[in-house]
Amino acid sequence: MTAILETEDTTGATPLEQAAPTSHRGILDFVAEVAALTQPDEIHWCTGSDQEWTELTDFLVSVGTFTRLNPERMPNSFHAASDPIDVARVEDRTYICSVAERDAGPTNNWMAPAEMKARMRGLYDGCMRGRTMYVIPFVMGHLDAERPMFGIEVTDSAYVTASMRVMSRMGTDVLRRMEELEADFVQAVHSVGHPLEPGEADVAWPCNEVKYISQFPEERAIWSFGSGYGGNALLGKKCYALRIASAMARDEGWLAEHMLILKLTSPAGSVKYVAAAFPSACGKTNLAMLEPTIPGWKVETLGDDIAWMRRGEDGRLWAVNPENGFFGVAPGTNWHTNPNAMRTIAKGSSVFTNVALTDDGDVWWEGLENPPAHATSWKGEDWSPDSEELSSHANSRYCTPIRQCDILAPEFDDPRGVPIDAILFGGRRRTTVPLVFESRDWNHGTFLGATLSSETTAAATGAVGVVRRDPMAMLPFIGYNAGDYFGHWVDMGKHADAAKMPRIFYVNWFRRARLEDGGDGGFLWPGFGENSRVLKWVVERIEGEAAAVETPIGHVPTPESLDTDGLEMTAAELEAALAVDADEWRAELPQIEEWFARFGDDLPSVLRDELEGLRARLGA
Ligand code: SAT
Ligand code: MN
């Protein structure tokens, strides 16, 4: 660690420069500027080494942020509990600070860059006093990509630094490559906003009631203040890999999407790659690591949250996962719903936040097998199975290295990524949306994505269970005007190689049996590993083998075309899962209309035409 001194040496180099392990001018200037403003006691340049991990985690244990888990159960792993005011992404405090207001509209909060910077400079002023500032050189995607996507996160949180080591490729190798390439990088500033006066004791989870998560898309910069949690603070994730990257992707003709990537191998050995977009906490991680229940099919994982997709020389859309770890929702994860995630976690080297801590130094959460007779809840209170309160926050998370996943596809290491055959959009809907259907073409698929709807979850603060439109599952992550974003999707399909673009499907694992039809209100589809049956239908559609009925909303499987061998499901239940109820869909039309009205003239005419086409097909 380097103390920041006041004076320069005889060469004119500042003490910061003398102590910095780099000569990259842009990095030095950025770090010096942030340090001058935030006034940390020390600066630590991250190497990414095992020793550094040990030092960081030891430090976090010593200050009470981390509790070391029982090494026999969960080696090299830690439990953390956040402040209850800091448990999820804060969408109402998240801003796209583009120069022009229209470039952020209409789905984002906006503030002029100068105004936001003035406001945040005030907050940042001295905000790292009494703390260490960690400098994290990181790359999203591969270090040996044709164009590596670099970032520097400066943060006063050791928790964030340890988590970034799990979630991204970071450290000395990255710094060296940045120097060799004299590379540009995304500037990412993060502070928990909790300076320490001399002698003041720290708290286990420092944060601030005032929070700002600000993106400056034109400058490719991120300023985050006040939160230490997940996507608010691990700035490589949503802030960079989605908000900033989507703006880069618009400018450069590619796609940065909130999608898992999986590899599917059929019994005959044919391989397909699927990307799928669901809103946060709707089962992306489970689908990404699915264990097929149908014989002979194999799923391997490439990513569970973010896909960067570029057109390859062959005209196909190639996807890479820019991340290096999983930041998965813990509750509901168990040996049935996601055995591969359980096996990944069990290897250790993981951080668990806001789950329960058992008396024998293990973690537990709602939905996990074998509830302990007693545990400490995420709020630090005594908990037992008959407690009224939940042991774990609904947005509690495990943070674990992707390389520990037994079913990681070898292509994860290929900087070119994988050619995508199918894109799935999905949400959480009790009614209306069938288990699966295929879009008519790329533009119709774009319309399905643009109108994607889902009931809200605990991944963001706010009411849970309300239906909202979440276009491409990107509502909180589109870094520019959402109308332009839809236009960009339409443009991606306008190409000489349009026929090589992925086919687009829509899925809903969450439809319920209707009481008025004599149903019990429960889920119509068993989900989890059984979703392999839907993936099989998707593959067979692509190969021209699976039958479908053309309905007003798209191509829906015939009941026979879906492999239900061995499934305990009545014909009526299957029919209900696949049903397209014209009345229910007619009721969607005014909602879609209202949604599209928000975009005014910025809505691409193609999408308006798609809505009119749907209306006509529904006879409305
Ligand atoms: O907190 S994160 O944004 O990283 C997780 C999520 O909501 O997907
Ligand atoms: Mn996500």
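Just so it is clear, glycine is given a Cβ too, placed from its N, Cα and C backbone atoms.
Note that the coordinates shown come from a computational prediction; the quantities given were computed from them, not determined experimentally.
Pulled from TrEMBL:
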| type | residues | note |
| --- | --- | --- |
| DOMAIN | 29-250 | domain 'Phosphoenolpyruvate carboxykinase GTP-utilising N-terminal' |
| BINDING | Arg89, Tyr229, Gly230, Gly231, Ser280, Asn395, Ser396, Arg397 | substrate binding site |
| BINDING | Lys238, His258, Asp305 | Mn(2+) binding site |
| DOMAIN | 254-616 | domain 'Phosphoenolpyruvate carboxykinase C-terminal P-loop' |
| BINDING | Ala281, Cys282, Gly283, Lys284, Thr285, Asn286, Arg397, Arg428, Phe528, Gly529, Glu530, Asn531 | GTP binding site |
| ACT_SITE | Cys282 | active site |
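Feature map: annotations from TrEMBL on the structure.
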{"residue": "Arg89", "record": "substrate binding site", "contacts (Cβ under 8 Å, 6+ apart)": "Ile213, Tyr229, Gly230, Gly231, Asn232, Lys238, Ser280, Ala459, Ala460, Thr461, Pro476"}
{"residue": "His258", "record": "Mn(2+) binding site", "contacts (Cβ under 8 Å, 6+ apart)": "Leu242, Ala277, Pro279, Ser280, Asp305, Ile306, Met472, Ala473, Met474, Phe477"}
{"residue": "Ala281", "record": "GTP binding site", "contacts (Cβ under 8 Å, 6+ apart)": "Val329, Ala394, Asn395, Thr457, Ala458, Ala459"}
{"residue": "Gly283", "record": "GTP binding site", "contacts (Cβ under 8 Å, 6+ apart)": "Gly426, Trp509, Gly527"}
{"residue": "Thr285", "record": "GTP binding site", "contacts (Cβ under 8 Å, 6+ apart)": "Leu260, Asp304, Asp305, Phe326, Gly328, Val329, Thr333, Asn338, Ala341"}
{"residue": "Ser396", "record": "substrate binding site", "contacts (Cβ under 8 Å, 6+ apart)": "Val329, Ala330, Pro331, Phe352, Thr353, Asn354, Val355, Trp365, Trp378"}
{"residue": "Arg397", "record": "substrate binding site", "contacts (Cβ under 8 Å, 6+ apart)": "Gly230, Phe327, Gly328, Val329, Ala330, Phe352, Thr353, Asn354"}
{"residue": "Phe528", "record": "GTP binding site", "contacts (Cβ under 8 Å, 6+ apart)": "Asn286, Leu290, His336, Thr337, Asn338"}
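Ser280 (substrate binding site) falls outside any helix or strand according to DSSP and counts as coil. The binding-site residues near ligand 2, defined by a Cβ under 6 Å from one of its atoms, are Ser280, Asp305, chosen from Tyr229, Ser280, Asp305, Glu530. Taking Ser280, Gly283, Ser396 as the candidate binding-site residues, the subset whose CB lies under 6 angstroms from any atom of ligand 1 consists of Ser280. Secondary structure at Arg397 (substrate binding site), as computed by DSSP, is strand.
Cβ neighbours within 10 Å of Gly231 (substrate binding site), excluding its own Cβ and spanning all shown chains: 27.
In this structure, the C-alpha atom of Cys282 (active site) lies 16 angstrom from that of Glu530 (GTP binding site).
Within 8 Å of the centroid defined by the CB atoms of Lys238, His258, Asp305, the record's Mn(2+) site, lie the Cβ atoms of Gly231, Lys237, Ala241, Leu242, Ser280, Ile306, Phe477, excluding the listed residues themselves. Remark: Glu530 (GTP binding site) has Thr293, Leu567 as non-local neighbours, by Cβ distance under 8 Å and separation of at least 6 in sequence. The binding residues for GTP are recorded as Ala281, Cys282, Gly283, Lys284, Thr285, Asn286, Arg397, Arg428, Phe528, Gly529, Glu530, Asn531; their greatest pairwise CA distance is 24 Å. There are 27 other Cβ atoms within 10 Å of the Cβ belonging to Lys238 (Mn(2+) binding site).
Shown in sequence order, Val87, Ala88, Phe327, Val329, Ala459 are the same-chain residues outside Arg89, Tyr229, Gly230, Gly231, Ser280, Asn395, Ser396, Arg397 whose Cβ sits within 8 Å of the Cβ centre of the substrate site.
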